[in-house]
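Here the structure is laid out as structure tokens; the discussion comes afterwards.
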Amino acid sequence: MKRSSQVSGLLGWVAITFVAASLGAWASTSAASFYASLALPAWAPPASVFGPVWTLLYAMMAVAAWLVWRERGWRGARPALLLYLVQLAVNALWSWLFFGWKLGALAFADILVLIVLVCATIVMFARIRRLAAVLLLPYLAWISFASALNFAVWRANPGLL
């Protein structure tokens with residue numbers, strides 16, 4: 001594959017991934033004030049942590065998808081890359097459910113589905129390019145933590161979520 005195609009592919013996967021991130025962020029425009037108004041567990045990170053963590057995770061996710069695409073192309077990696085796109089959509093939906101629509105129970109269900117989808121994506125990526133799967137492990141760890149936080153916050157704030 002030509003170097004220019006590889007760079008274009010990387011930029012494409014970065015764009016796709018950050019469009020999904022932006023759709024989720026759009027729902028989270030007032031997230032900091034809403035988050036501050038919630039009863040939070042002692043182990044909840046401050047709101048200022050989420051932006052940098054998610055930026056790094058989305059960058060790693062984009063590189064992972066690009067590595068898979070670079071290894072096999074769209075045709076050869078279609079099932080894995082489609083699964084990646086589906087989990088991106090489910091990820092973006094979580095922000096709308098939790099912050100936009102304040103539906104804590106549905107947000108929790110969504111994040112559980114997301115965990116399953118990310119696990120499946122990791123397995124499929126590992127079959128194509130091991131490094132791509134490894135790059136998704138911090139994302140899996142973070143959303144697993146986020147699922148526990150989602151559950152705890154939802155249960156502690158019955159009138160708000």
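We number each residue from 1, going along the chain as drawn.
Glycine is treated like the rest: Cβ placed from N, Cα and C.
Residues annotated as transmembrane segment in TrEMBL: 49-69 (among others).
What TrEMBL records for 81-99 (among others) is transmembrane segment.
A Cβ distance under 8 Å defines the sequence-distant neighbours of the transmembrane segment (105-126), meaning residues of its chain 6+ beyond its ends; these are 64, 67-68, 79-80, 83-84, 86-87, 90-91, 93-94, 97-98, 132-133, 136-137, 139-140, 143-144, 146-147, 150-151, 154, 161. The transmembrane segment annotation in TrEMBL covers 105-126 (among others).
Annotation comment: TrEMBL describes 133-154 (among others) as transmembrane segment.
Listed by sequence, the residues of this chain that lie at least six past the ends of the transmembrane segment (49-69) yet keep a Cβ under 8 A from its Cβ atoms are 9-10, 12-14, 16-18, 21, 31, 77, 80-81, 84, 88, 125, 128-129, 131-133, 135-136, 138-139, 142. Only residues 6 or more beyond the boundaries of the transmembrane segment (133-154), in the same chain, are considered here, and those with a CB under 8 A from a CB of the stretch are 38-41, 43-44, 53, 56-57, 60-61, 63-64, 67, 91, 98, 104-105, 107-108, 111-112, 114-115, 118-119, 121-123, 125-126, 161.
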